[in-house]
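Only one structure is covered here, and it is reproduced in the block below.
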Amino acid sequence: MNITIFGSGYVGLVTGACLAEVGNHVVCVDVDPDKVALLNDGGVPIYEPGLEELLKSNREAGRLTFTTDAVAGVRHGLFQFIAVGTPPDEDGSADLQHVLAVAKTIGEQMDDYRIIVDKSTVPVGTADRVAEQVRTHLAARGVDVEFDVVSNPEFLKEGAAIEDFMRPDRIVVGTDNPRTGELLRALYAPFNRSHDRLMLMDVRSAELTKYAANAILATKISFMNELSNIAEALGADIERVRVGIGSDPRIGYQFIYPGCGYGGSCFPKDVRALIHSARSIGYDAELLSAVEAVNDRQKDVLFKKIDEYFGGQLAGRTVGLWGLSFKPNTDDMREASSRRLMEALWQAGARVQAFDPVAMDEARRLYGERPDLTLTPDALAAADGADALAIVTEWTQFRSPDFGQIRQLLKEPVVFDGRNVFDSRQAITAGLTYFSIGRTARRPD
Ligand code: UDX
């Protein structure tokens with residue numbers, strides 16, 4: 001089938017590569033000529049395991065092309081995917097200008113039946129606005145052709161996006177036209193083999209499903225983070241509590257890991273957008289507002305512990321930092337807890353020596369050269385000569401370090417673990433004072 005994808009960002013590229021991989025002819029359209037040139041040269045603007053190879057093989061096979069030519073894009077695909085960004089507006093609502101700009105282009109150029117697929121995470125009611133936009137521009141040209149607007153939200157996790165697309169746990173398709181539903185079923189057939197994972201529903205329910213999924217996951221995390229603060233103050237161990245509740249299948253083990261807050265491109269933005277959508281219809285989303293507030297506070301927890309340990313005297317101190325990305329296996333630092341910690345440390349006059357397995361370039365891009373930030377070639381170098389070590393991202397390679405060596409390298413043998421990745425017994429046996437989340441500090445025996 002012929003498919004056009006507007007927006008060569010994270011979602012657009014993964015969707016394009018995977019749809020091409022199963023034999024479709026995919027044209028990816030982006031307004032940024034530099035990005036398109038990079039993609040045509042075999043480059044990839046983001047880090048995502050497996051994506052580079054998939055883009056390459058499909059480009060070479062002639063099933064995947066990149067262009068800035070939106071007109072050619074509208075001509076090409078029966079399916080017109082909209083996968084452009086929906087950045088938050090100042091008030092937290094999703095900014096739909098890019099989505100509506102694509103709708104305008106489609107309305108201005110289409111001459112045959114088209115299925116417009118909203119892949120971007122967009123507030124309930126956006127499909128109606130896209131349809132309105134297309135209709136207006138068709139009418140202005142005096143053209144009368146049919147089209148449908150479908151909501152087909154993505155549930156990709158950064159770092160596992162290809163796998164999530166190829167083997168989805170659900171494919172949500174929102175359409176009010178049964179015939180279009182069947183065309184989407186055919187498009188997704190290669191990803192829907194062992195049992196039927198495609199859920200057909202009305203457009204608005206599909207739009208809300210995406211927000212509901214992210215909001216409940218964010219709620220689980222904020223719940224555990226709130227509980228971790230209570231556990232710590234009461235002398236309980238949140239990790240024991242976690243295992244104790246996770247064994248109940250109604251609760252489950254996933255997404256109940258306490259930490260120093262969730263970040264990334266989805267949870268913070270989507271929770272805020274849902275709060276805003278609720279407000280716009282006069283509903284005060286109290287629970288979601290609390291999820292957001294608890295997360296915001298949790299991002300300061302590590303700094304507070306460090307500041308308290310040093311008696312508010314952080315000026316001139318150096319903190320070693322392990323992890324910059326908002327989670328492992330990505331270089332994405334959007335709303336990452338590392339940023340809040342670094343910025344608070346700098347504000348207090350401290351220096352940071354940081355290491356991340358893949359996000360070093362991203363940190364350089366965000367912060368440039370500054371005297372209070374050193375990016376080190378490896379994890380141990382970040383600890384070398386530092387007054388304390390802080391862990392912000394749960395990369396596997398941080399889990400079992402040589403604790404004795406860390407003890408040797410640190411000026412002050414103290415670790416602040418924001419993701420509970422260390423084995424506390426091993427840390428204190430090596431002579432480290434160990435602060436973590438939701439557990440009282442452990443000092444060497
Ligand atoms: C999320 C959703 O998981 C995905 O389904 C959706 O399509 C997009 O948003 P992503 O943002 O890639 O994916 O990251 P995810 O793995 O969900 O992690 C989000 C944040 O929550 C990270 O900062 C992570 O460290 C944190 N987290 C996750 C916790 O603090 N505790 C947990 O138990 C799980």
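Backbone N, Cα and C atoms are what each Cβ position is placed from, and that goes for glycine too.
Annotation note: ASP30 (NAD(+) binding site) sits in a coil segment as assigned by DSSP. TrEMBL lists ASP30, LYS35, THR86, THR121, GLU158, LYS269, ARG334 with the feature NAD(+) binding site.
What TrEMBL records for PHE155, LEU156, LYS157, GLU158, LYS210, PHE255, ILE256, TYR257, PRO258, GLY259, GLY263, LYS327 is substrate binding site. Using a 10 Å radius centred on the Cβ of GLU158 (NAD(+) binding site) and all shown protein chains, the other Cβ atoms total 24.
CYS266 (active site, nucleophile) carries neither a helix nor a strand DSSP state and counts as coil. On its own chain, CYS266 (active site, nucleophile) has THR121, ASN214 as residues at least 6 apart in sequence with a Cβ closer than 8 Å to its own Cβ. Positions annotated as active site, nucleophile by TrEMBL: CYS266.
Sequence annotations record features per position, and here TrEMBL assigns domain 'UDP-glucose/GDP-mannose dehydrogenase C-terminal' to 320-424. Here the domain 'UDP-glucose/GDP-mannose dehydrogenase C-terminal' (320-424) has, by DSSP, the following mix of helix, strand and coil residues: 35 helix, 19 strand, 51 coil.
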Rounded inter-Cα distance in Å - ILE256 (substrate binding site), THR86 (NAD(+) binding site): 28
Recorded positions close to ligand 1 - of THR86, PHE155, LYS157, GLY263, CYS266, only those whose C-beta is under 6 Å away: PHE155, LYS157, GLY263, CYS266
Tertiary neighbours of LYS210 (substrate binding site) (same chain, Cβ under 8 Å, six or more apart): THR121, PRO153, GLU154, PHE155, VAL172, ASP270
Largest separation between Cα atoms (Å) of residues that the record links to NAD(+), namely ASP30, LYS35, THR86, THR121, GLU158, LYS269, ARG334: 24
Substrate site span - longest C-alpha distance across PHE155, LEU156, LYS157, GLU158, LYS210, PHE255, ILE256, TYR257, PRO258, GLY259, GLY263, LYS327, in Å: 24
Overall pLDDT for the domain 'UDP-glucose/GDP-mannose dehydrogenase C-terminal' (320-424), taken as the rounded mean: 97
